[in-house]
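S.K.: Structure incoming, see below.
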Amino acid sequence: MAIKRSRKNRSILGMLAIMAASAILPAQPAAAKAAGEQIVCVDPGHQLRGNHETEPVSPHSTTMKAKVSSGTTGVKTKKPEYVLTLEASLLLKEKLKSFGYTVVMTRETHDVDISNVERAQRCNEAGADLAVRIHADGDSSSRTQGISLLYPAWSEAAQTIYAPSKAAAEMILADTAAATGAVSRGIVPRSDLTGFNWSTVPTVLVEMGFMTNPNEDLKLSDPEYMNRLTEGMALGITKALAVQVGEQEAEQRFSVDLAGQTTLHHYANGRMYRTRLALAPQTVQVTATRGNWGKIETWIGPMWVYVGGLQQKQ
Ligand SMILES: [Zn+2]
């Protein structure tokens with residue numbers, strides 16, 4: 001299942017979420033998006049120094065948790081988790097940008113002090129279509145290994161983000177496991193994560209592997225392995241954020257002026273999937289439409305571009 005992007009649904013759900021949280025959260029309207037724009041918020045887990053002051057685990061809870069825990073450490077590499085998570089997040093950022101996503105990072109340096117509530121709020125305020133939290137795992141057994149994908153457990157408060165988050169977790173897990181050959185530990189619903197409970201946008205957490213497993217720790221610091229791992233994440237995200245299009249293909253002929261870099265999409269099974277190909281500003285001939293999408297002929301065959309809001313010319 002892909003994440004629906006109906007504007008009407010989004011704004012109603014967003015309003016409900018803001019109303020639900022308004023007892024504590026100041027109402028923060030999401031920033032306006034450009035036509036066809038999709039935003040991914042990437043949160044590299046942890047930071048140089050943990051912050052053991054506490055904050056509420058959810059907007060409606062009196063349970064308090066540390067603002068940012070210290071994270072795990074590589075048993076072989078001695079690398080702190082906060083270094084690994086930023087390395088992976090910066091790779092992921094570049095890959096997502098190559099698919100035409102707008103990428104918002106909660107941090108790009110180590111010496112920050114951003115609590116888990118604040119990380120969630122940054123992604124909410126960015127109007128992210130998906131917030132991806134990047135972490136690595138630790139265990140008392142050095143044998144434990146593999147990738148897991150966490151998503152918000154169902155609750156009244158999480159009902160608007162539950163289904164798309166779970167679907168994204170499934171897709172990202174499948175693609176990261178396939179890209180790396182790592183053990184797949186499955187998708188895991190969590191109700192105890194501050195970063196999830198404060199999120200008003202679909203969100204997942206990638207546990208990339210166990211830094212307490214000597215082999216996996218070394219792999220997670222191998223550039224070639226990390227290239228494949230983050231490529232799997234990016235591919236999974238393109239599936240999770242493929243836009244559902246209900247409309248039938250209708251023959252129509254008009255031309256439109258594309259502004260900026262326009263990502264080419266391919267259509268399959270009722271969804272538009274991003275590719276890494278984009279067109280520079282130019283006039284293109286549309287030969288058919290599906291809703292706000294126009295079909296154009298390209299050097300790799302027919303592809304789709306978002307034409308919502310563009311002036312149609314004969
Ligand atoms: Zn962590």
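Placed from the backbone N, Cα and C atoms, the Cβ positions cover glycine too.
In case it's useful when we look at the structure, here is the feature table from TrEMBL:
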SIGNAL    1-27  signal peptide
REGION    51-72  region 'Disordered'
COMPBIAS  59-72  compositional bias 'Polar residues'
DOMAIN    120-238  domain 'MurNAc-LAA'
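Have a look at these and tell me how they're positioned relative to everything else.
M.R.: The DSSP breakdown of the compositional bias 'Polar residues' (59-72) into helical (H, G, I), extended (E, B) and coil residues amounts to 0 helix, 5 strand, 9 coil.
With DSSP states grouped into helix (H, G, I), strand (E, B) and coil, the domain 'MurNAc-LAA' (120-238) comes out at 54 helix, 29 strand, 36 coil.
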S.K.: Grab the pLDDT values for the domain 'MurNAc-LAA' (120-238) and give me their mean, rounded.
M.R.: 98
S.K.: Using a Cβ cut-off under 8 Å, which residues of the same chain at least 6 positions beyond either end of the compositional bias 'Polar residues' (59-72) come close to it?
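M.R.: Long-range Cβ neighbours of the compositional bias 'Polar residues' (59-72): 20-21, 23-25, 45-47, 49-53, 80-82, 85, 113-117, 135-138, 157, 192, 194, 197-198, 211-212.
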